[in-house]
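These features come from Swiss-Prot:
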CROSSLNK  K40  SUMO2 cross-link
CROSSLNK  K48  ubiquitin cross-link
CROSSLNK  K83  ubiquitin cross-link
MOD_RES   S38  phosphoserine
MOD_RES   K54  N6-acetyllysine
MOD_RES   S165  phosphoserine
Amino acid sequence: MPPKFDPNEVKVVYLRCTGGEVGATSALAPKIGPLGLSPKKVGDDIAKATGDWKGLRITVKLTIQNRQAQIEVVPSASALIIKALKEPPRDRKKQKNIKHSGNITFDEIVNIARQMRHRSLARELSGTIKEILGTAQSVGCNVDGRHPHDIIDDINSGAVECPAS
């Protein structure tokens, strides 16, 4: 038997789920069942909290204390980029491995880099901006009508100025 669960203890559980959908509660059950929470209720709460990320795979952080779950959405860089593209949500089951052939501005890239700054491994914001540009390249979108890697080269050569913070 595992040790008895202390209700005042704060537990943090990370889950990957699709925005706006109630994931399989059977996947939630082994993680949050022992903590005294109903998987169905938590599944519904996650679906509510991730409503504006419809159709995107995102990480959700559950902070559990006193049998209460607080839900926090932790979006990845690619999820933020796809959201900035403002594409209509697509049906995930019909189309697989979608290339997002949109266009976003460099300012939006800088804003995303600021949001991701605390999770970045780069020392400066310019490094984080390059990380986000690399993700934009993987997603398949353009930045200001150009290929993201051309902008990374411009940042390295000094042709494009990055904000300091």
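Each Cβ is built from the backbone N, Cα and C atoms, and glycine gets one as well.
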Looking only at C-alpha atoms, tell me how far K40 (SUMO2 cross-link) is from K48 (ubiquitin cross-link), rounded to the nearest Å.
13
If we check Cα distances from K83 (ubiquitin cross-link), which of the recorded positions S38, K48, K54 wins as closest?
K54
All-chain count of other Cβ atoms within 10 Å of S38 (phosphoserine):
15
For the C-alpha pair, I'd like the distance in angstrom between K48 (ubiquitin cross-link) and S38 (phosphoserine), rounded off.
16
Including all protein chains shown, what's the count of other C-beta atoms within 10 A of the C-beta of K83 (ubiquitin cross-link)?
18
I'd like the Cβ neighbour count for K48 (ubiquitin cross-link), meaning other Cβ atoms within 10 Å of its Cβ, all protein chains included.
11
Quick note, S38 (phosphoserine) and K54 (N6-acetyllysine): C-alpha atoms separated, nearest Å, by 23
If you count other Cβ atoms within 10 Å of each one's Cβ, which of the recorded positions K40, K54 has the most?
K54
With DSSP assignments reduced to helix, strand and coil, which class does the residue listed as 'N6-acetyllysine' get?
strand
